[in-house]
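Right, one structure below, let's go through it.
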């Protein structure tokens, strides 16, 4: 297996057009009670499975590894045994992780350090190894093309389902092995939101992210998408082959906060009406289970909710410590559906695009409520100021990971997993837009129209 492909742009375009347009991963986990989502990635030769937490708030993918390990936390699988294929310090992927004035201590290797906002961290080096991935439906493969890909260090194995034609239709059976760079973490410190994990799958906008590396090798478009089911699970995809753009509501990515998936500033709406809370900088972050508002917006929202619930047979339940604000009914709630007769109002974030019409990201009660294990209904939107997000130069929260050299000011709100449930969210880095659409996330898609609601 040779190193990563560095062919011409015409060759890359040919591969993206004639090889599978998306790569698909089933997602495991839920917002509550698990509190995180992960996917299984097969890495190495022979391939071994690893559970990686999803994080659209950071770029670098890393695994706990035995290099040897100085400090490692509990992991679902044996520690990764690193290859000897190190990424040099002057490599562009290494440069993307450090400030321009960074000085290499070891020219032959790329050191990294990432930190969690909850106090956790990972220290390690960048290595290369083989990732085994699956292309999705509609792939057209030529036997000649498959041989050509093998000769440049990318193996594609297709179980053809066609009828003897030159190009065979393949559905979830095209198998890709490609060399990519990621972190070998040999020194981890657990944070307050610790749970057993093999590593992090960085899905951010930077050059070091996995999807950016795949795009640079001409294998998929630089598009990330996910669909998180309210029942748990869902799917993640790279590339633009699993959605119909005409079914998606789109808004432009912020040109100010280019490190993160941000549609820019928004106004909070309640029950279809503007609240007057404006200029909320929004970050879409799959690495955090809950949604955070700054103190002003959070206080305004909770007052509106309490006013809506006034006179109804719900009482606040401060003894329930599941989340800061919970209510109990006359009898325990079994699902959010049971609580919807009390919570009838939808929230929305209204984004100002270049035109006069505002794009709205709507939050129905299912997208901001959870049922605790005590049978109470709790607000899944938290006060970001109380957890240290206000007036700090970092984006933080439950599981969000940030590069230790990256500081971003005045991030007021984050749209997180609870608010993304039962909708397909797409981050198109090539067109610089973010999109969303109600979707059936319970089953893996086979066609573009298979999972729209």
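Every residue, even glycine, has its Cβ placed from backbone N, Cα and C.
Note that TrEMBL annotation is computational and uncurated.
Per TrEMBL, the features are:
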type	residues	note
ACT_SITE	55	active site
ACT_SITE	285	active site
DISULFID	69-110	disulfide bond
DOMAIN	37-437	domain 'Peptidase A1'
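Of all the active-site residues listed (55, 285), 285 sits in the most crowded Cβ setting, with the most other Cβ atoms within 10 Å. Here the CA atom of residue 285 (active site) lies 7 Å from the CA atom of residue 55 (active site).
Per-residue pLDDT, averaged across the domain 'Peptidase A1' (37-437), gives 79.
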